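Per TrEMBL, these features apply:
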DOMAIN    B:1-396  domain 'PTS EIIC type-3'
TRANSMEM  B:70-90  transmembrane segment
TRANSMEM  B:102-121  transmembrane segment
TRANSMEM  B:133-155  transmembrane segment
TRANSMEM  B:167-188  transmembrane segment
TRANSMEM  B:208-227  transmembrane segment
TRANSMEM  B:271-291  transmembrane segment
TRANSMEM  B:376-397  transmembrane segment
Amino acid sequence: MKRTVKIWLWSLLAVLLSVGLIIASLQWSHQNVSELTRHHNSQLSPVIMIPGSSATENRFDGLVSEINHNRTNPHSLLKVKITNDDKLHFTGRLRPGDNEPFIVVGFQNNKDGYSNIKQQARQFNVIFHTLVSRLNFNNFKAIGHSNGGLIYTVFLENYFDQYSNDVRMTKLMTIGSPFNFNERSIDNKTQMLSDFIKNRNKLPNNLSVYSVAGTKNYTSDGLVPLVSVAAGRYVFQGAVRHFTTITVSGSNAQHSDLPENKQIVDLINRYILHSTRVPRARQNEPRLH
Amino acid sequence: MDQLMARSMKAYQSKFARVIQDTLALLFPIMLLGSFAEVLKYSFLTPSGFVATVFGVTKWLPAARQISQLLGLIVHCTVDMIALYGAYGITYCTVKAYGRQTSAMSGAIGLLAFLMAAYQPHSHGRLLFNSTLMGQGLLIALIIGYIVGRIIVAFEKRRALRSYQIIWPLLLVVVFSIVVNVVVSLTRSPEVQSFISSTALHAVQASALSYVIGMGLLTDLLSWMAVGGPFSASPTFTDPAALTNLNHALKTGSAFNAPFKYTDVTLFHSFANFGGNGAVLAMIIAILVFSKRQRFLTVSKWSIFPALFNNNYAMMLGIPIVYNPIFLIPFLLAPLVNMLVAASFLALKWIPAAVYPVPSGTPGPLIGFLGTNGNWLALILGAVLIFVDVLIYMPFVKLYDRLDRNRGEQ
């Protein structure tokens with residue numbers, strides 16, 4: 001008789017424990033599956049662009065409309081501006097079904113100089129954090145014009161490792177980025193370049209980097225010395241998976257014209273973008289079947 | 001039943017059975033310690049383990065990693081080396097049962113023979129032993145130890161054996177161990193291994209149902225022989241069929257209509273492996289409810305905790321289930337019934353297939369429940385199946401009880 005009571009007591013305890021365990025694990029399961037689903041269904045792979053100093057979030061409007069020219073599936077354009085109090089202001093919207101939207105970032109403090117670049121990189125991290133949690137992408141492409149490329153480098157070396165499990169930067173294109181500011185010789189390394197080289201082991205090793213340089217004459221693009229752009233190799237070469245340097249010349253190859261340069265638009269289409277272009281059919285054009 | 005009783009009574013009382021039982025009883029406390037450590041390490045303190053995931057143990061427990069490492073020490077020296085103790089024990093028990101005098105020396109010689117068989121000759125002078133043999137080679141260790149024991153006894157019968165006279169049998173044992181070593185290294189050659197692994201590729205084919213049930217039973221049978229079987233101890237969710245199922249479910253948002261309905265996860269791990277191979281959790285319940293022998297009750301009570309997390313080692317050696325012909329029948333029958341019932345439920349689309357990955361060390365009845373993302377019918381089916389398994393085990397538990405009592409009285 002005593003044993004029966006004991007068995008019942010133990011069974012009761014077992015049932016209570018099981019119910020607790022079932023509830024706790026069920027909660028985990030729902031959460032886990034919804035996370036898996038979100039990740040699986042998110043094929044979003046945005047292109048995040050940072051303009052150079054003194055530029056706003058509208059800097060790349062021309063570039064984007066050039067890329068979207070004659071497409072029935074245009075990339076949507078989302079703009080984020082961050083003010084000095086770290087508040088975000090969004091404009092533009094994402095077209096449903098667009099897997100490759102452009103996101104352009106603007107800073108209220110868009111001044112030149114290493115300390116400002118560090119400040120902008122910190123603010124970019126704030127923006128990036130919000131974008132990742134809102135849009136739930138697991139990979140993205142990056143384009144930085146002028147100082148934008150430097151902001152990306154600071155971001156990659158100091159902030160990006162917290163996302164490394166969830167988000168992958170697949171490609172980075174820097175356009176006319178002065179890795180050694182205005183120094184005309186690599187022997188005079190600026191503080192920024194020294195820092196970049198010191199922390200280069202923190203760069204993601206599965207990243208492909210394209211460094212594009214413009215030209216006005218043989219030594220500079222009118223503002224940035226070619227040597228300063230080329231100094232990027234001391235940062236990236238050997239630390240990332242691929243590092244490619246490209247020099248463009250001809251019309252629109254001066255520093256501030258670079259985002260509208262036809263060749264660079266072509267390079268972005270070829271190296272950065274993935275979604276295939278669906279051209280608009282011209283009227284009266286006979287269709288072949 | 002009476003015939004079975006009489007026949008097993010005879011087998012149960014043979015000297016050989018006695019030797020095996022004494023050896024396994026020797027291993028039980030070591031294995032119990034190991035299985036506690038294993039469950040704590042892999043389910044509680046490894047970030048991917050069940051309890052660690054659901055309750056976030058590794059996040060709030062200070063020094064979780066260090067404790068886990070120390071537990072690893074216990075696991076490696078107990079579970080991963082169990083054959084070593086087996087070789088020692090069986091030689092000692094054999095000499096004790098068949099010889100005129102017992103000597104601790106014989107156990108040491110058995111240990112030596114097994115170590116020689118497990119040593120890897122191509123280890124460039126380092127001390128490297130065959131880890132598969134150490135962890136899953138209990139059967140081989142018992143065979144080696146038994147033969148060694150008989151060799152020692154054979155020499156002993158000629159004249160009273162003193163420790164300096166043990167040199168001749170020792171030499172024979174050494175030659176024997178070298179032969180075993182060569183045979184073992186031959187079976188580890190790549191050709192044999194690729195033959196073995198190529199048989200595991202059929203899981204995704206049309207005849208998957210019979211394949212899964214057959215492989216599941218083979219796993220249980222081999223585990224009864226203390227050898228590792230074709231199915232892993234816990235679901236891995238990394239094989240192509242499981243990944244296809246998961247992708248399909250994520251795309252359609254439902255686990256019904258999975259492309260591969262009958263896999264090791266959906267049938268074997270979800271419904272036939274409660275408490276480890278052979279639905280041992282049901283056996284524990286059956287013993288706790290129906291058995292009257294103090295020995296079995298004690299072993300079962302100690303084994304509850306590891307068995308909740310699908311670790312049945314302690315029960316296997318403590319009762320023992322290993323090499324025990326009486327328990328072989330329910331040990332295979334219970335999982336078979338479970339798999340057949342679960343397969344018919346799946347075929348009728350009453351329950352979805354378990355496609356979502358669960359953490360390692362998830363309690364058996366919860367694998368099907370969590371793998372379907374909380375299908376209540378799957379949970380109820382699991383509970384009912386445990387009840388059925390208890391009923392399957394019941395007559396055998398009672399029979400074994402009687403057997404043990406009769407022997408105790410004699």
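Each Cβ is built from the backbone N, Cα and C atoms, and glycine gets one as well.
With respect to Cβ pairs under 8 Å, the transmembrane segment (B:271-291) is most closely packed against B:208-227, considering the stretches B:70-90, B:133-155, B:208-227. Using the rule of three or more Cβ pairs under 8 Å, pairs at least 6 apart in sequence, the transmembrane segment (B:167-188) is not in contact with the transmembrane segment (B:70-90). Scored by C-beta pairs under 8 angstroms, the transmembrane segment (B:133-155) has its highest count with B:70-90, from the stretches B:70-90, B:102-121, B:208-227. Panel annotation: around the transmembrane segment (B:70-90), residues 19-20, 22-23, 26-27, 30-31, 33-35, 37-38, 40-41, 45, 107-108, 110-111, 113-115, 118, 131, 133-138, 140-142, 144-146, 149, 313 of the same chain, lying at least six beyond its termini, place a Cβ under 8 Å from a Cβ of the stretch.
For the transmembrane segment (B:208-227), the list of distant contacts is 136-139, 200, 202, 260-264, 267-268, 272, 276-278, 312, 316, 321-324, 327-328, 331-332, 335-336, 339-340, 343: same-chain residues at least six beyond its ends, Cβ to Cβ under 8 Å.
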